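Undergrad: Below are the features I grabbed from TrEMBL:
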{"type": "DOMAIN", "residues": "2-136", "note": "domain 'Nucleoside diphosphate kinase-like'"}
{"type": "BINDING", "residues": "Lys10, Phe58, Arg86, Thr92, Arg103, Asn117", "note": "ATP binding site"}
{"type": "ACT_SITE", "residues": "His120", "note": "active site, pros-phosphohistidine intermediate"}
Amino acid sequence: MKQTTLILVKPDGVRRGLVGQILARIEAKGYTIEDVRMLTATEQQLAAHYRELVDKPFYPGIVEYMTSGPIIAALVSGHRVIEGVRSLSGATDPTTAAPGTIRGDFACDTGTDSIENLIHSSDSVQSAEHETSVWF
Ligand code: TYD
C-alpha cells in the first residue's frame with residue numbers, strides 16, 4: 001500500500017533550525033522525500049488546509065502562528081507512510097506527546113493561543129490528496 005503524505009514543518013520548526021532534524025527522522029525511518037518547497041502560507045491556503053477547523057475558537061491563533069514565518073511543505077512516500085509519519089510526529093499536545101516523537105522531543109507548550117507543535121502530517125488518504133493540492 002504505497003502512499004504519499006503531505007507534511008509541513010511549521011514556522012517554529014524553521015525558526016528554530018529544526019528542518020534538517022525533522023526531515024532526517026522521516027528519512028531515517030525509511031520514507032522517501034519526493035518534493036520539498038519553502039513558502040509563507042497565505043490565509044487562503046490555511047483556510048483550505050484547516051477547513052475542518054476554521055470555525056474553532058483557536059483558528060485565529062492558528063493563522064497568526066502559521067503566517068509568522070516561512071514553512072516547509074514536503075511530499076513523503078512509502079508503505080503506510082500516512083500512519084507512519086503521524087506516529088513519528090506524536091500527539092497534538094507537545095506536553096503529552098511521547099518522548100521519542102518529533103513533538104515529544106522538540107516541542108514545548110508556551111501557552112500561546114494556538115498549539116505550536118512543529119509539524120503537520122496528513123491523517124488520511126483523502127486529507128493527503130486535498131492538502132497536496134493546497135501546497136503544491
Ligand atoms: P488537529 O488536526 O486536531 O491535530 P494534529 O495536528 O495533531 O493532526 O489540529 C490541527 C492543529 O490545530 C494542531 O496541530 C494545533 C492546532 N490546535 C490548537 O491550536 N488547539 C487545539 O485545541 C487543537 C485541537 C488544535
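Glycine too: its Cβ is placed from the backbone N, Cα and C atoms.
For the listed features, I'd like the structural context: burial, neighbours, distances.
TA: The Cβ neighbour count for Arg86 (ATP binding site), using a 10 Å radius and every protein chain shown, is 17.
Under the three-state DSSP scheme, His120 (active site, pros-phosphohistidine intermediate) falls in the strand class.
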Undergrad: Under a criterion of Cβ-Cβ distance under 8 Å and sequence separation of at least 6, what residues of the same chain contact Lys10 (ATP binding site)?
TA: Tyr65, Met66, Ile71, Glu116, Asn117, Leu118, Ile119, His120
Undergrad: What's the number of neighbouring CB atoms sitting within 10 A of the CB on Asn117 (ATP binding site)?
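TA: The answer is 24.
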Undergrad: How far apart, in angstrom, are the most distant Cα atoms among the ATP-binding residues Lys10, Phe58, Arg86, Thr92, Arg103, Asn117?
TA: 22
